[in-house]
Amino acid sequence: MALDHQGSASPAPPLSPTTVPERRIGVAGIVFVVVAASAPLTVAAGGVPQSLGVTGVLGIPLLYLMTAVVLGLFSAGYAAMSRHITGAGAFYAYTAQGLGRTPGVGAAFVALLSYNAMQIGIAGLFGATTAEFIDARTGVEIPWWVLVLACTVVVGALGYRRVDVGVRVLAVLLVLEFGTVLVFDIGQFTHAPEGVSATPLTWGAATDGSLGVALCCVFAAYMGFESAALYSEECRDPRRTVARATYIAVGLIGVFYAATAWAMVSGAGTSRANRVAAEQGPQMMFTLSDSSLGTVFSDFAQLFLITSLLAALLSFHNAVARYARSLGREGVLPRALGVLHPRHTSPHRGSLLQTAVTVIVIGVFALAGRDPVADVFTWLTNLGALGVILLLFATSASVVAYFVRHPDLTEPLWHRLIAPLLSGAALAVIFWLALTNFSVQLGVSSGNPLRWVLPCLILIAAGAGGVWGLWLRRARPEAYAGIGSSAGG
């Protein structure tokens with residue numbers, strides 16, 4: 001909507017033909033994007049040792065498989081929704097179609113906050129890891145934030161171009177990641193000092209320790225699996241591609257992470273894996289690979305850890321750009337964000353916006369002298385993960401509500417009701433565990449104000465989105481009526 005000279009409402013100018021993206025990618029391309037966001041090598045080097053060391057739980061491999069089952073239940077309803085809503089709004093569009101337009105705008109604001117937080121948090125880890133790698137091998141000290149800004153330019157340039165360019169880059173990086181972790185896993189299973197034990201796959205091992213914290217750590221490794229729907233308008237057959245890619249990604253991530261955690265426990269020795277993880281932290285993977293595969297492999301693994309982070313940055317950058325584009329197209333954000341690049345057919349303005357946000361936030365942390373890992377990475381990725389868990393719960397509720405309101409749609413009872421209810425209940429428990437254990441995740445005391453300040457940002461984003469949605473309903477009813485409407489059907 002625009003205003004004429006008298007201040008009266010007038011329809012928004014029509015968008016150019018470039019608002020229609022080209023359908024360039026298939027199931028494999030979507031899987032590359034989705035799995036890249038979860039950063040397999042980063043999880044192997046950081047997530048698994050953290051889960052073992054912080055929680056004292058030996059059954060981390062089983063928890064990865066159990067989490068995959070929960071997300072498989074979620075994916076059943078999510079996939080069913082994707083067959084009827086084929087726009088790029090994902091959480092935003094699904095919530096708007098299921099729970100209503102105002103909650104949909106609230107979900108959109110939470111999604112923008114969460115994905116930006118994940119992207120910028122990972123950027124902090126990228127800067128610290130790359131700076132340490134360069135310093136160790138050349139003696140040249142480069143400030144972490146300089147490397148982050150350089151990486152942001154690269155990611156922004158790839159996000160600005162058409163989607164298949166970024167997908168090809170992600171495919172190469174992901175193959176390197178999987179190859180590295182696969183070789184590491186084989187090395188640990190074949191050099192297990194105590195042999196390969198099935199104990200880490202037992203229920204007793206999974207429940208002996210801080211189970212709540214362990215579930216939070218494990219769940220965080222799956223962040224990004226749900227982003228397939230953001231590419232609905234850019235894949236060749238959205239009604240099938242999104243569902244297939246989501247199922248494949250969840251299964252692949254679950255089995256791969258469980259195998260890697262089992263391999264790491266075996267390589268360290270089942271009886272002492274938790275202690276080794278607590279003592280060595282992220283160095284555990286490289287210490288084990290030094291002894292079983294040699295230092296040359298460890299050097300390459302550390303290099304590929306950097307490219308793993310780069311792949312995750314690109315994946316989350318693309319997610320933010322597509323959310324911004326979807327919201328701009330429907331008038332929730334400035335409509336200029338909804339126009340695609342005339343040549344690349346990419347959400348280039350959303351890409352530029354995300355790049356600008358990254359530069360500003362990283363600049364603030366750098367000027368404040370904050371640590372790129374303990375502060376930037378830990379604070380922001382935990383904030384983002386908490387927001388995404390809440391969105392997953394809202395989406396499960398939206399699936400049920402949507403199919404109740406559309407009984408004419410032919411979906412099996414399992415997909416439209418039973419699986420979403422089961423996943424919603426599980427996600428509610430996981431959200432509560434994440435919230436009550438948030439201080440542990442941040443590495444601060446339970447009395448630290450940060451323990452509540454960060455979760456409150458999610459509530460503020462949801463509230464601001466809800467208020468904005470109500471304002472749109474009153475002041476711009478035609479824009480409000482269009483919320484979630486470009487989701488297709």
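Including glycine, each Cβ sits where the backbone N, Cα and C put it.
Where the annotation comes from TrEMBL, it is an automatic prediction and has not been curated.
According to TrEMBL, the feature region 'Disordered' maps to 1-20. The transmembrane segment feature in TrEMBL is assigned to 25-48, 60-81, 102-122, 142-160, 167-189, 201-225, 245-265, 300-320, 351-368, 380-405, 417-440, 452-472.
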Quick one: do the transmembrane segment (245-265) and the transmembrane segment (380-405) reach 3+ CB pairs under 8 Å, ignoring pairs fewer than 6 apart in sequence? no
The transmembrane segment (60-81): which same-chain residues, six or more beyond its ends, come within Cβ distance under 8 Å? 48, 51-52, 94, 97-98, 200-203, 205-206, 214-215, 218-219, 221-222, 225-226, 229, 242-243, 246-247, 250-251, 253-255, 257-259, 261-262, 265, 392, 395-396, 398-400, 402-403, 411, 414-416, 419-420, 422-423, 426-427, 430
Chain residues outside the transmembrane segment (380-405) and at least six past its termini with a C-beta under 8 angstroms from it: 74, 77-78, 80-81, 84, 91, 94-95, 97-99, 103, 107, 110-111, 113-118, 120-122, 124, 216, 219-220, 223, 226, 411, 416-417, 420-421, 423-424, 427-428, 430-431, 434-435, 438, 441-442, 454-455, 457-458, 461-462
Are the transmembrane segment (167-189) and the transmembrane segment (351-368) close enough that 3 or more Cβ pairs fall under 8 Å, when only pairs 6 or more apart in sequence count? no
Counting Cβ pairs closer than 8 Å, which of 25-48, 102-122, 167-189, 201-225 has the most of them with the transmembrane segment (452-472)? 102-122
Quick one: do the transmembrane segment (167-189) and the transmembrane segment (25-48) reach 3+ CB pairs under 8 Å, ignoring pairs fewer than 6 apart in sequence? yes
